[in-house]
């Protein structure tokens, strides 16, 4: 989905100094943000006009020391048709030459009360997430104790029903059936629902239910980091499953690897409780508490003790 200036204004809560509907619908194609430096001296080699242009205290201070004619000339040269918008931080007084150049070149002029560094961070965070390439995967994404858990498995194995049970147990639904995942950076994976499926769960025999309407706003979440994958598979006698928890299976989405746990599904087995335990155990491991390692250490000590006693 294209990212527009209007979306940036709404998400980062920017004030519109000058813009039209057409200008607000202009697409932003890169998450890079430029803070003009040498450009204000008239040096425009390697200038990237397709980036958002951010003016902070330093840039504003330099502009105010220029004559009105020079200020207009520099800004006129800087504001190109490809430039999606110009943003001024700290509610700084915007020179009339900047407004004039923006109107003449057809560029949205925006303002914010927050500091330049914070504003740059907020805009970069939004643009990085919005412009990242999406990959659609089949499954149910849940927020369990603050951890994003992607539940996958064969069709009809009960992923959505498990998600519903987890919602009833106080956890939050992020996406059902189709999960759009993207890499926020090299080590961080995020997931969100397709817009048409937001807050919806499909339960065989019941149909589509609106989780937010039935269980309230606390039962849903718009997006979540994906930290653990759970794969549900039918229990088969003789098939080997990890019983100690020392398996290191991983799965890769959008270039990011996350751990995956396979859970056998069998009649009478409370899968939602098992998934809760898996999520809590994974978090404990990340905090340095590994029950498997503790057991192995105890076993080693017991074996050593028995050998000595003999």
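Quick reminder: no glycine exception, Cβ is built from N, Cα and C everywhere.
Swiss-Prot assigns the feature region 'Important for the catalytic mechanism of dephosphorylation' to residues 264-269, out of the candidate ranges 252-257, 258-263, 264-269, 270-275.
Neighbouring residues of the recorded ATP site, listed in sequence order and excluding 153, 154, 155, 156, 157, 158, 159, 160, comprise 232 (Cβ within 8 Å of the Cβ centroid). DSSP places the residues of the region 'Important for the catalytic mechanism of dephosphorylation' (264-269) in helix, strand and coil in these numbers: 0 helix, 2 strand, 4 coil. Counting neighbouring Cβ atoms within 10 Å of each of the binding-site residues (155, 160), the lowest count belongs to 155.
Within 10 Å of the C-beta of residue 202 (Mg(2+) binding site) we count 16 further C-beta atoms, all protein chains included. Between the listed recorded positions, namely 154, 177, the fewest other CB atoms within 10 angstroms of a CB are found at 154.
When the recorded positions 138, 153, 154, 155, 156, 157 are screened for a Cα within 10 A of the Cα of residue 202 (Mg(2+) binding site), none qualifies.
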